[in-house]
Amino acid sequence: MVGAPDVIKPSEKVESYSPHVNGNPIFTISDEIGSPDSGYTMASINSNGDLKSPGDPPDKKLNDTDAEKQPLSGKKEERWWNTLMQVAVPFFIAGCGTIGAGLVLGSVRNWEVFLKVNAIFVLVPSLSGLKGNLDMCLASRLSTQANLGNMTSPREVISMVVGNISLVQVQAIVAATVVAMFAVTVNTITDRAFNGSFVLLLIASAVFTATTTCFVLDFVMVMVIFGSQKFKVNPDNVATPLAASIGDIVSNSVLAVTAQYMFEQIQISLWQPIALLCVYYSLLPIWVFIVWRNKYTKTVLTTGWTPVISALFISGVGGIVLDQAVDQFQGYEVFQPIVNGIGGNLVCVQSSRLATHLHQTAIPGELPENTRIIEWPWKTLFYGTTAAKVARMLLILALCGQIVFMFVADFIFQGVVTIQVAFGITYVLCSVVQVMVLLYLAYILIHFMWKKKKDPDNAAIPYLTSLGDLLGSVFLGLAFVILSIFGMEYGNNV
């Protein structure tokens, strides 16, 4: 067996085995290896998976230049221009989607349901974040499996796809119900009034929006990942941005139309939202059964809830900011989805790449050599770690992309270009700072989760995208507040 460990003592347990990667088998070994009493640590395993003798000299420590040259791929290093092109194309497509999402929100804010049910604004970032979290987690999981070479057998691929789509449906139904109840609670506290029919409207609209958009976009993701494999493109660079390319605009559109329809119907009778919820809650046990019987998703069904639910409440706080800001600042609802969407897209690219790198080069609970959980910010963002090269590209994309998206959104929304220098500088600054914070947090969070034996593909992205929603909403709100103090509000020259 090529590359197989040739020294495994009887007392050491091999918990699981997965197919070969580059001719080398991957073992997940229990805590006896790497424990203080065993004499073996992660440094005892070389790049071929062979256990070295504890008496062998340690590997040479890499300096910052050599560390950055280590590829974030288990195969060969990607050329920087290949990575840039693979990320840039779906990034700008995704940017068009976020512009559309902002314009949709700007056009529907005066609909009757948005005027009379303020909690809808709390739902907007939460549902967009939920859809993004579930779809991007699915894209990240499947991208990792593709890079590990586990998507070659048609039978296994079908099992993997069916299990993951069913899992997303379970998470969407439960999480949408939770976020709708959160919106109802916030609305009750702020308005000091409770309307039972509005509760049905919010829950029905949230569940329908989350399940429908996720179901459609999940199939799109599967096709994107298969297409990436066929054309020899790294799915980590493509899948997660495309997961959000049309997701936000579809999510906002479906939510607005569904909520308006349900609002009109509850004036007559409550049977339609009640019937809709009965159908979805009846399907829930079927989805759970499928997921429970699937080996690829059974574990996630019982362990993957904390990140998703926590992310909902984090995004919900961003929704409260949106609810308060949309009445005070003209144009806030147009630019907020762009800032949040672009930040979330870029950090998910980095998150997916880092997770794949850890899956290919380390065992859960142990970090690769010369890797620390907490690094200095400039080493993770600019120079000194394996993640820095891609981080630089993503920051450049954020800077250039936000300038383009800002002018395009302004022109479509106003009919003419109204961007002033002060607004442009403030907007771009808050956007780039948001991406920098997210990329740095992604590096820390993913390595921390790996050290704690948690799969970053399932746990990291919900936290990062929800933090992106919160930071984007807050930073953009601060930008509008600062501009208003100096009398330079957006659109005041129209």
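For all residues, glycine too, the Cβ spot is worked out from N, Cα and C.
Any TrEMBL annotation is an automated prediction that lacks curation.
On a predicted model such as this, the values are computed, not experimentally measured, just so you know.
Positions annotated as region 'Disordered' by TrEMBL: 1-75. Look at TrEMBL and you will find 41-50 tagged as compositional bias 'Polar residues'. As annotated by TrEMBL, compositional bias 'Basic and acidic residues' applies to 57-75. Residues annotated as transmembrane segment in TrEMBL: 87-106, 157-186, 198-226, 270-292, 304-322, 393-413, 419-446, 467-488. Taken from TrEMBL, the feature domain 'SLC41A/MgtE integral membrane' applies to 124-257, 336-476.
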When DSSP states are grouped into helix, strand and coil, how many residues of the domain 'SLC41A/MgtE integral membrane' (124-257) land in each?
-> 119 helix, 0 strand, 15 coil
Go through the chain and flag residues at least 6 beyond the ends of the transmembrane segment (198-226) whose CB is under 8 A from any CB in it; none is fine as an answer.
-> 113, 117, 119-120, 123, 127, 130-131, 134-135, 138-139, 142-143, 146, 151, 161, 164-165, 168-169, 172-173, 175-177, 179-181, 183-184, 187, 235, 238-239, 242-243, 246-247, 250-251, 254-255, 258-259, 262-263, 266, 270, 272-274, 276-277, 280
Cβ pairs under 8 Å with the transmembrane segment (87-106): which stretch of 157-186, 393-413, 419-446 has the most?
-> 393-413
How many helix, strand and coil residues does the domain 'SLC41A/MgtE integral membrane' (336-476) contain under DSSP?
-> 110 helix, 0 strand, 31 coil
Listed stretch, out of 393-413, 419-446, 467-488, that has the most CB pairs under 8 angstroms to the transmembrane segment (304-322) | 467-488
Please give the sequence-distant neighbours of the transmembrane segment (393-413): residues at least 6 beyond its ends with Cβ less than 8 Å from one of its Cβ atoms.
-> 80, 83-84, 87-88, 91-92, 95, 98-99, 102-103, 106, 331, 334-335, 338-339, 342-343, 346, 349-350, 381, 419, 424, 427-428, 431-432, 435-436, 439
Residues of the same chain, at least six outside the transmembrane segment (467-488), with any C-beta under 8 angstroms of its C-beta?
-> 125, 128-129, 314-315, 317-319, 321-322, 325, 328-329, 332, 335-336, 339-340, 343-344, 347, 420, 422-423, 426-427, 429-431, 433-434, 437-438, 441
